[in-house]
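Over in Swiss-Prot, the protein carries these features:
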ACT_SITE  Glu52  active site, proton donor
BINDING   His50, Cys75, Cys84  Zn(2+) binding site
BINDING   Thr161, Ala162, Met163, Ala164, Trp170, Thr196, Asp200, Ser234, Gly301, Pro302, Thr303, Leu304  NADP(+) binding site
BINDING   Ser168, Arg184, Leu204, Arg207, Glu299  substrate binding site
DOMAIN    1-123  domain 'CMP/dCMP-type deaminase'
REGION    1-145  region 'Deaminase'
REGION    146-367  region 'Reductase'
Amino acid sequence: MQDEYYMARALKLAQRGRFTTHPNPNVGCVIVKDGEIVGEGYHQRAGEPHAEVHALRMAGEKAKGATAYVTLEPCSHHGRTPPCCDALIAAGVARVVASMQDPNPQVAGRGLYRLQQAGIDVSHGLMMSEAEQLNKGFLKRMRTGFPYIQLKLGASLDGRTAMASGESQWITSPQARRDVQLLRAQSHAILTSSATVLADDPALTVRWSELDEQTQALYPQQNLRQPIRIVIDSQNRVTPVHRIVQQPGETWFARTQEDSREWPETVRTLLIPEHKGHLDLVVLMMQLGKQQINSIWVEAGPTLAGALLQAGLVDELIVYIAPKLLGSDARGLCTLPGLEKLADAPQFKFKEIRHVGPDVCLHLVGA
């Protein structure tokens, strides 16, 4: 039970990095000697010291003969920072308990093997499902080359997203919109369509003022990382004056042809081929994976939502349901043309159901 207690602490520490570590994974480390925590830390940003280094610095000489609990296999390769294995070995740690092996081919068990070769008692697998859930985007990209895609939808009880006129502000409650801010902040990128930009002129930023007090305390406003905004714009309809281009952070456009207009330095273009007359979403996701994008939060209209679902690219649905009815003339949730049989419908299973103010939030994953 002691091992579980300390690993749970390491996982809690790792969660603190979920807004800032991209493209790196979230990692926490706790160092224990004689039943006392002598050092702890978590990875805060890519290029900065890893969790083990922070914990070892805190532990100092007390790390000798201690046990290190780490949520991810310590790295053994030289990246932007030195290998954590070397630091653990040099500190004289006697035992290392890792929650999960690193799926990164550069590590992939080599870290644990190196520690064993140095005479350290090594084990892994403790609370592995919790560690994998914390790094689902990193894991998906390492294993498949694709980012983890969360599709956010907001609807009425009868599955409608807007009135026939297009009026949609606001179907869901202020509490639901604040909840969205937190989930946006945890994402590496936010994806939308040119149709949504033209219709709503959204900023698609994380608004620090709408985050909960605990998150604000951990992350002062000046440390807030804005997710990369990605716009699918195959016809080059979005202009440099749209709000999404003017916000802090980067805006990427997925296009099928170059755009010759003058854009701010924070704008980047990805040229993607067409497939059946539309921008190829599968190729786009492959390209984003190559750009080390771990996770994508999608906020778009029914056309892009439906296209992602039909392409089998959605890993998780997050649906906010408001307790109101909009009627049969209102706009639907997703455009899924060509569905004739129930067997052809995209299938999901419920993962979590929670109340958010007066609304309900459904979390669903692929069946």
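Heads up, residue numbers simply count up from 1 along the chain you see.
Cβ coordinates are placed from backbone N, Cα and C, and glycine is handled just like the others.
All features noted in Swiss-Prot, drawn onto the structure.
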residue: Glu52; record: active site, proton donor; contacts (Cβ under 8 Å, 6+ apart): Val27, Cys29, Gly41, Ala68, Val70, Pro74, Cys84, Ala87, Leu88
residue: Cys75; record: Zn(2+) binding site; contacts (Cβ under 8 Å, 6+ apart): His50, Pro83, Cys84, Cys85, Asp102, Asn104, Gln106, Val107, Gly111
residue: Trp170; record: NADP(+) binding site; contacts (Cβ under 8 Å, 6+ apart): Arg177
residue: Arg184; record: substrate binding site; contacts (Cβ under 8 Å, 6+ apart): Ile190, Leu204, Val206, Pro227, Trp297
residue: Asp200; record: NADP(+) binding site; contacts (Cβ under 8 Å, 6+ apart): none
residue: Arg207; record: substrate binding site; contacts (Cβ under 8 Å, 6+ apart): Gln181
residue: Glu299; record: substrate binding site; contacts (Cβ under 8 Å, 6+ apart): Lys152, Val180, Ile190, Leu191, Thr192, Thr196, Pro202, Leu204
residue: Gly301; record: NADP(+) binding site; contacts (Cβ under 8 Å, 6+ apart): Thr161, Ser193, Ala195, Thr196, Ala199
* Mind looking up the mean pLDDT for the domain 'CMP/dCMP-type deaminase' (1-123) in the predicted model? => 90
* Asked: Helix, strand, coil residue numbers for the region 'Deaminase' (1-145) per DSSP?
  -> 59 helix, 25 strand, 61 coil
* Structure fact -> Most Cβ neighbours within 10 Å, among the binding-site residues Cys84, Leu204, goes to Cys84
* Does DSSP put Asp200 (NADP(+) binding site) in a helix, in a strand, or in coil? -> helix
* Asked: Got a sec? Which of these binding-site residues, Thr161, Thr303, has the most Cβ atoms within 10 Å?
  -> Thr161
